[in-house]
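**Student:** The substrate binding site annotation in TrEMBL covers P28. What TrEMBL records for H58 is heme b binding site. According to TrEMBL, the feature Ca(2+) binding site maps to T59, D110, T113, D118. Taken from TrEMBL, the feature disulfide bond applies to C65-C97. Taken from TrEMBL, the feature domain 'Plant heme peroxidase family profile' covers 1-192.
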Amino acid sequence: TGGPGWLVPLGRRDSLTANKALANQNLPGPSFALNELKSAFAAQGLNAVDLVALSGAHTIGRARCLFITDRLYNFDNTGKPDPTLDKTYLKELQKQCPQNGDGNNRVNFDPTTPDKLDKNFYNNLQVKKGLLQSDQELFSTPGADTIGIVNSFANDQNVFFQNFVNSMIKMGNIGVLTGKKGEIRKQCNFVNKKSSELDLAIELLLEGDMVSSI
């Protein structure tokens, strides 16, 4: 995609469980105001620079219409579109996401270079073309400290890339499982299956737990 690469720290293990409710609780929403975004990131040990840098991942990919419909037609229950949206861009989005259309239709996050990881996400924010409210909040919130960060990344792609790498590594270090916690999966999207009672007993013994029989 043209983006930067980085070395991923080793030693972490995969979780044995998944929690959809907790994931939804911790993930920032597409309609979050800036103060809500900052709080959600701060709860994970991430600051304003991390917030702006990681939001830059939205320079690539697509979002479903259901995440922006309110913004296009009934922002904050006003019956009007979000005033921070560029009017020409608004009309383009309304064509792609009709008011009573299929909410699962996909729209490019970045209308300029949708399949390339670059600084255009930030240039789009500067001209009111952020797709999600949570993205545009980074630039359109009056007096926000994130405005300067957006401008810095918009002016120099290398500065964005370096901060993106730093923040990705920082985010990757949240809640790392090591030692006896979790497991190393044989297939990344599935928890390992215990092939037999014997395997389970051996694993427990290796971890120092007591077993009555095998």
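A Cβ is built for glycine as well, from the same backbone N, Cα and C atoms used for every other residue.
Please treat TrEMBL annotations as automatic predictions, because they have not gone through curation.
These numbers come from a predicted model, not from an experiment.
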**Student:** Tell me which residues of the chain lie with their Cβ under 8 angstroms from that of D118 (Ca(2+) binding site), as long as they are six or more apart in sequence?
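**Tutor:** In sequence order, the residues whose Cβ lies under 8 Å from that of D118 (Ca(2+) binding site) (at least 6 apart) are G2, G3, T59, Q157.
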**Student:** Could you check the disulfide-bonded residues C65, C97 and say which one's CB has the fewest neighbouring CB atoms inside 10 Å?
**Tutor:** C65
**Student:** Sort the recorded positions P28, H58, C65, C97 by C-alpha distance from T113 (Ca(2+) binding site) and give me just the closest.
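**Tutor:** For T113 (Ca(2+) binding site), the closest Cα among P28, H58, C65, C97 is found at H58.
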**Student:** Taking the Cα atoms as reference points, how far is C65 (disulfide bond) from the residue listed as 'substrate binding site' in Å?
**Tutor:** 17
**Student:** Where the distance is taken from Cα to Cα, which of the recorded positions P28, H58, C97 turns out closest to D110 (Ca(2+) binding site)?
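**Tutor:** When the Cα distances are compared, H58 comes out closest.
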**Student:** Hey, for the Ca(2+) site built from T59, D110, T113, D118, who else sits with CB inside 8 A of the CB center?
**Tutor:** I60, T112, P114, K116, L117, K119, N120, F121
**Student:** Would you mind giving the whole-number mean pLDDT across the domain 'Plant heme peroxidase family profile' (1-192)?
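**Tutor:** Summing pLDDT over the domain 'Plant heme peroxidase family profile' (1-192) and dividing by its length gives 94.
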**Student:** Report the same-chain neighbours of H58 (heme b binding site): residues 6+ apart in sequence with Cβ closer than 8 Å to its Cβ, ordered by sequence.
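**Tutor:** Counting only residues 6 or more apart in sequence, the Cβ neighbours of H58 (heme b binding site) under 8 Å are F109, D110, F121, L131, L132, D135.
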**Student:** Could you tell me the C-alpha distance between C97 (disulfide bond) and the residue listed as 'substrate binding site' in angstrom, no decimals?
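**Tutor:** Approximately 22 Å lies between the Cα of C97 (disulfide bond) and that of the residue listed as 'substrate binding site'.
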**Student:** If I restrict to non-local contacts, at least six residues apart, and a C-beta distance under 8 angstroms, what lies near P28 (substrate binding site) in its own chain?
**Tutor:** E36, L37, A40, F41, S134
